Amino acid sequence: MEEIVGLREGSPRKPVPLQELWRPCPRIRRNIQGSLEWLKERLFRVGEDWYFLVALGVLMALISYAMNFAIGRVVRAHKWLYREIGDGHLLRYLSWTVYPVALLSFSSGFSQSITPSSGGSGIPEVKTILTGVILEDYLDIKNFGAKVVGLSCTLATGSTIFLGKLGPFVHLSVMIAAYLGRVRTKTVGEPENKTKEMELLAAGAAVGVATVFAAPISGVLFSIEVMSSHFSVWDYWRGFFAATCGAFMFHLLAVFNSEQETITSIYKTSFPVDIPFDLPEIFFFVALGAICGILSCGYNYCQRTSLFFLKSNGFTSKLLATSKPLYSALAAVVLASITYPPGVGRFMASRLSMSEYLETLFDNNSWALMTKNSSPPWSAEPDPQNLWLEWCHPQMTVFGTLVFFLVMKFWMLILATTIPIPAGYFLPIFVYGAAIGRLFGEVLSLAFPEGIVAGGKVSPIMPGAYALAGAAAFSGAVTHTLSTALLAFEVSGQIVHALPVLMAVLAANAICQSYQPSFYDGTIIVKKLPYLPWIRGRKIGSHLVTVGHFMNCTLTTLAKDMPLEEVIKVVISTDVTQYPLVETTESQVLVGIVKRTHLVQSLHTDSASWAPGQQPCLQDILANGCPTQPVTLQLSTETSLHETHNLFELLNLQLLFVTSRGRAVGSVSWVELKKAISTLTNPPAPK
């Protein structure tokens, strides 16, 4: 012992290896190490989660603001080039189209060359990961870099391609959360904990939404509604704390950079507070919600059908498999050509950015009444003080411009969602819903130019309020969420229309959820990601179907008295990840679970220790240290399909064994559950 420690016998200090003493400045190094250990002990006394959640929120706010800053500079450069290039139509057309074509081609090629999983929104994959499914490479740091660069190029195209950043930013936030989780595990020195990892990933999803819209409350609620069917209340404080840190930091950076005078909402509105709406208007808001619900059904169906067509069509599937940048360039040419301002783009306010779309649509003045007796000229450049004039063209009324915008953007947005680039799809549908509400409000303002009279008081029609309700209702119906109502309040700074907006969102969701899966669930279906379909309502009879009707009866068990040769045959002939352990071959009483990896490792380790002629059995392998797991949860043959589905969703399970009077008789996995639910919802035709 004296040759491996550097202290004399009886020394009061801790033993130190001689290797440490041979290094330079051993005493200083020990003092620094002791000070760091003391600081770590004091800091982590209140809980180490606080520090990592603060780091998560601050980091994502910095990344979000830096991206916005860089993208804003690039977009302004594009506008300057288009403005200064002259009056030649060919040069102006090329400056308008070549710019987004080059950016989208680079975004697609760069992100796909690094990792194919960086394309798309990322929310469907994150939703799958939070259910307990392991998706390789989706949370790697190289995916993070590809997503950041690709998303920046996508957003730099402006409103020409009409895409956002919410989905990819949620994916980026979850990647950072996963990385911080690994750092936390090494710092604290505790073993990996799957539960804590999922808690941090859930907080990361909330931070992603909060740092895009600077809306912490709706960010947490939206991430809960989109990402999970069951959510632990224990995770609430993590999500709210990290989201608040991120949103506050985002606002703080805007103030420090003189973009805002103080902390305010992103899209400022000025609705009157005295009488914001009257009771008869509730009916109109509900009707608007119903219209948004019907249109959202059509949008989700067309978008999902388009993705199916691209995958099944021979030409497009080959093009997407071999030349993704070429497909992106072709789609960008189509979209940029249509939005070219001197062309048909002048009838859809194509010179406005995504934020300017919302600022103008939320205007509380009625454009129809303001232009009723006059037709304002179409200026050569947008007027920053009167951006709403972009929606008014001498050759078309306000109603014609809004209708043309809705018709064209419907299929253009579907086309944009098929481009294999990192992009978000929530902000475009939010803007689209605002345009629906604006059109509805303008019609009402024309029908009731003096306002609605009720109880002797006059309540004027504010189209901006209907635009706010339409944005929340349409986006909520497309994503099957209710928190979009709160998101609309947070980004606009208005809550005077809380009741009518919420009723519109409820009406839209009631229609869309009855007939179509959500946008993200539809993408999961198209990409064939692992998922559990919802059991909607009691009419399908899920409470009457028991596990015995749909379980997998082919079950390979390992008995404790099974000879070693048979154990090896079972391992070689099967590829399952775990085996049910039974007491004896005859009784088949389930007593535990053996992981395949542990069993194979024990077989390799113990095979050399057996004497010639000895006939070992599985019990000997287990006695020599092969770990087993207790059966903490099992199903009965009489358990209903509804209860089984709830267990799998609540506990993020992948497989459960079925017993009858203690005997192992089968197993249930996602495959059996999905097949049983599909049989109930779409019963086979009678023979």
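Residue 1 is the first one shown; counting continues down the chain.
Quick reminder: no glycine exception, Cβ is built from N, Cα and C everywhere.
Computed from a predicted structure; not experimentally measured.
According to Swiss-Prot:
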- S121, F426: chloride binding site (BINDING)
- E259, E261, D278, E281: Ca(2+) binding site (BINDING)
- 551-609: domain 'CBS 1' (DOMAIN)
- 1-50: topological domain 'Cytoplasmic' (TOPO_DOM)
- 521-687: topological domain 'Cytoplasmic' (TOPO_DOM)
- 51-82: transmembrane segment (TRANSMEM)
- 91-111: transmembrane segment (TRANSMEM)
- 141-160: transmembrane segment (TRANSMEM)
- 161-180: transmembrane segment (TRANSMEM)
- 236-255: transmembrane segment (TRANSMEM)
- 282-310: transmembrane segment (TRANSMEM)
- 325-342: transmembrane segment (TRANSMEM)
- 400-420: transmembrane segment (TRANSMEM)
- 421-440: transmembrane segment (TRANSMEM)
- 500-520: transmembrane segment (TRANSMEM)
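Structural mapping of features recorded in Swiss-Prot.
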residue	record	Cβ contacts under 8 Å, 6 or more apart
S121	chloride binding site	L166, G167, P168, H171, A423, G424, Y425, Y520, T523
E281	Ca(2+) binding site	I452, S459, I461, P500
F426	chloride binding site	G164, L166, G167, S475, T479
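Residues 52, 55-56, 59-60, 63-64, 67, 100, 104, 120-123, 125-126, 129, 138-141, 143-144, 147-148, 150-151, 154-155, 197, 200-201, 203-205, 207-209, 211-213, 223, 332, 335-336, 354, 409, 412-413, 416, 419, 422-428, 430-431 of the same chain lie 6 or more positions beyond the ends of the transmembrane segment (161-180) yet place their CB under 8 Å from a CB of it. Against the transmembrane segment (282-310), stretch 500-520 shows more Cβ pairs under 8 Å than any other of 91-111, 236-255, 400-420, 500-520. DSSP states for the domain 'CBS 1' (551-609), grouped as helix (H, G, I), strand (E, B) and coil, give 24 helix, 16 strand, 19 coil.
Scored on C-beta pairs under 8 angstroms, the neighbour of the transmembrane segment (325-342) with the top count among 51-82, 141-160, 236-255, 421-440 is 141-160. In the three-state DSSP scheme, E281 (Ca(2+) binding site) falls into the helix class. If you look at the transmembrane segment (51-82) against the transmembrane segment (500-520), you find fewer than three C-beta pairs under 8 angstroms, all six or more positions apart, and that falls short of contact. It is 421-440 that, among the stretches 236-255, 421-440, 500-520, forms the most Cβ pairs under 8 Å with the transmembrane segment (141-160).
When Cβ-Cβ distances below 8 Å are used as the criterion, the transmembrane segment (421-440) is approached by residues 104, 107-108, 111, 118-122, 146-147, 150-151, 153-154, 161-169, 212, 284, 288, 291-292, 295, 299, 328, 354, 357-358, 361-362, 399, 402-403, 405-406, 409-410, 413, 463-464, 466-475, 478-479, 484, 519 of the same chain, each at least six residues removed from its ends.
Within 10 Å of the C-beta of D278 (Ca(2+) binding site) there are 17 other C-beta atoms, taking all protein chains into account. A mean pLDDT of 84 is what the model gives for the domain 'CBS 1' (551-609). In the three-state DSSP assignment, the secondary structure recorded for F426 (chloride binding site) is helix.
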